[in-house]
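Going by TrEMBL, these are the annotated features:
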DOMAIN    B:39-71  domain '4Fe-4S ferredoxin-type'
BINDING   B:Cys51, B:Cys54, B:Cys57, B:Cys100  [4Fe-4S] cluster 1 binding site
BINDING   B:Cys61, B:Cys90, B:Cys93, B:Cys96  [4Fe-4S] cluster 2 binding site
DOMAIN    B:81-110  domain '4Fe-4S ferredoxin-type'
Amino acid sequence: MSTTQQIWIVIGVLFVLLNIAAGLIWVERRLLALWQDRLGPNRAGPLGILIVLADTLKLFFKEDWIPPFADKWIFITAPAIVVGSVLLSFVIIPFAPGIVVADLNIGIIFFLAMSSLGVYSIVLGGWASNNKYALLGALRGASQMIAYEVFMGLSLMGVVMLTGSFNLGDIVMAQKHLWFVVTQPVGFIIFLIAGVAETHRLPFDIPEAESELIAGYHAEYSGMKFGMFFIGEYLGITLISAMIVTLFFGGWLGPAFLPPLLWFVIKLFFFIGLFILLRASLPRPRYDQLVSYGWKILLPLVLANVLITGAIALWLRG
Amino acid sequence: MLSHLRTMWLVFIHLFRKKETIEYPEEKVALHPRYRGRIVLTKDPDGGERCVGCYLCAVACPVDCIALQATEDENGRRYPDFFRINFSRCIFCGFCEDACPTYAIQLIPDFEMGEYNRQNLVFEKEDLLINSQGKYPGYNFYQVAGLEAGVKKKGEGVNEETPVDVHSLLP
């Protein structure tokens with residue numbers, strides 16, 4: 001692949017992802033409204049899709065305020081970390097045959113590393129805000145990370161064992177005959193739960209928890225800095241959905257009447273919709289409930305899954 | 001876990017429910033006849049103003065949005081010289097309507113009073129008076145109030161004192 005081609009892929013992926021993340025503002029508001037027997041934003045443009053533009057313009061024109069008591073440089077860096085780390089994770093995702101930014105042979109490990117870095121934005125943002133609610137949000141973010149990071153990585157090990165590779169392209173190709181969701185249902189469910197916790201989405205939006213911590217770690221943020229957290233969250237949803245699609249639902253594989261990229265996008269949007277449905281329907285647990293749930297139920301379950309998958313993989317190999 | 005899935009399913013099928021939203025400028029809400037919206041001054045069946053300028057509405061108003069000045073015509077009939085309601089303050093509570101002894105001031109089902117200029121929300125008597133009897137058709141205060149019922153005169157009731165001559169200073 002030539003360098004220019006590579007650059008075009010990078011630009012294309014960046015452009016499409018940022019647009020999807022912005023468009024999700026509209027998708028989420030419309031879907032939530034429909035599930036609550038409302039109509040949602042439907043005035044600006046066709047079906048109200050220009051609400052995205054209005055929201056973005058509004059965020060750009062808001063006062064970009066840094067509280068005098070905040071730790072200025074960390075305060076500015078924190079929102080960039082979340083977007084940066086999520087965008088870096090997208091590097092390894094094969095959107096279609098040949099359309100991947102970096103075909104790393106340690107793909108999954110890179111993804112886990114980058115998604116773990118994302119929590120720094122919460123902890124640093126909450127700490128730098130110098131505000132007690134923000135600090136509480138940051139503490140909760142840290143405790144939540146302790147809860148989900150453990151079983152998140154392990155839940156993918158079944159897939160890795162069955163494929164014998166960390167490379168996501170290889171993982172997709174290994175699902176040519178059977179999606180891993182069939183052979184790894186426990187891994188899929190646990191990764192889904194971990195993914196929701198990883199993106200800090202409802203029901204696991206414990207660090208921001210509007211109803212108790214006003215906005216948690218980003219209570220002091222305004223303007224486009226808040227917008228970065230916002231976009232980071234939507235990019236996170238897209239990332240976890242893309243990972244679920246690649247790891248468990250055959251990535252871009254699908255019947256030949258549609259191009260592979262379209263299959264990927266269809267599956268992607270199915271899971272994005274599932275994320276929004278989760279938000280619409282489930283209440284938020286306490287953070288100690290999440291931690292004990294993670295360590296006492298999901299971790300033993302995922303360890304058993306790794307054990308059994310390993311045994312079966314060895315047995316099949318003879 | 002199963003109850004979570006059931007919740008998600010129940011929320012999901014709301015997608016196909018009829019939506020509660022009324023798309024306002026195109027579709028209007030059905031307002032009931034006694035809905036309390038904009039304030040009007042009504043007229044009696046003979047076409048005269050019902051208002052007698054008693055100031056009860058201005059006193060009852062919790063936000064002090066009613067201002068008026070009573071005056072008398074050549075027959076000694078009281079009427080408001082000016083009657084001014086500041087609708088940018090009005091909270092549409094209807095206390096003025098309750099206080100009004102002559103059913104002159106009434107609230108009607110109209111709330112669409114959007115304005116760009118706050119001053120345009122100050123309504124004068126000409127804007128408030130309508131050529132209608134409102135909610136009480138056929139009612140004329142002077143035809144029913146203060147008239148002899150043909151039973152007994154003032155001061156003739158049991159244990160009732162004789163009326164005081166208000167024009168005299170003597171006790």
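Note that Cβ sites are derived from N, Cα and C of the backbone, with glycine treated the same way.
Between the CA atoms of B:Cys57 ([4Fe-4S] cluster 1 binding site) and B:Cys90 ([4Fe-4S] cluster 2 binding site) there is a gap of 12 Å, rounded to the nearest whole number. For the [4Fe-4S] cluster 1 site, the Cβ centre of B:Cys51, B:Cys54, B:Cys57, B:Cys100 serves as reference, and the other residues of the chain with Cβ at most 8 Å from it are B:Val52, B:Gly53, B:Tyr55, B:Leu56, B:Cys96, B:Ala99, B:Pro101, B:Thr102, B:Ala104, B:Ile105. Away from its own ends, the domain '4Fe-4S ferredoxin-type' (B:39-71) comes close to residues 77-87, 89-93, 95-108, 123, 125, 128-134, 136-142 of its chain (Cβ-Cβ under 8 Å, at least six residues beyond either end).
Taking all protein chains in view, 14 other C-beta atoms sit within 10 angstroms of the C-beta of B:Cys93 ([4Fe-4S] cluster 2 binding site). The binding-site residues listed here (B:Cys61, B:Cys90, B:Cys93, B:Cys96) include no residue with a Cα within 10 A of the Cα of B:Cys51 ([4Fe-4S] cluster 1 binding site).
Each residue of the domain '4Fe-4S ferredoxin-type' (B:39-71) gets a DSSP state, and the totals for helix, strand and coil are 5 helix, 11 strand, 17 coil. Taking the centroid of the Cβ atoms of B:Cys61, B:Cys90, B:Cys93, B:Cys96 as the [4Fe-4S] cluster 2 site, the other same-chain residues with Cβ within 8 Å of it are B:Ile39, B:Cys57, B:Ala60, B:Pro62, B:Val63, B:Cys65, B:Ile66, B:Ile91, B:Phe92, B:Gly94, B:Phe95. All protein chains included, B:Cys61 ([4Fe-4S] cluster 2 binding site) registers 20 other Cβ atoms within 10 Å of its own Cβ. With respect to Cβ neighbours within 10 Å, the binding-site residues B:Cys54, B:Cys57, B:Cys100 differ, and B:Cys54 shows the lowest count. Calculated from their C-alpha atoms, the gap between B:Cys96 ([4Fe-4S] cluster 2 binding site) and B:Cys54 ([4Fe-4S] cluster 1 binding site) amounts to 11 Å. If you measure from the Cα atom of B:Cys61 ([4Fe-4S] cluster 2 binding site) to that of B:Cys54 ([4Fe-4S] cluster 1 binding site), you get 13 Å. For B:Cys96 ([4Fe-4S] cluster 2 binding site), the Cβ neighbour count at a 10 Å cut-off comes to 23, with all displayed protein chains included. Here the binding-site residues are B:Cys51, B:Cys90; the one with the fewest Cβ atoms within 10 Å of its Cβ is B:Cys90.
Taken together, the residues of the domain '4Fe-4S ferredoxin-type' (B:81-110) have an average pLDDT of 90.
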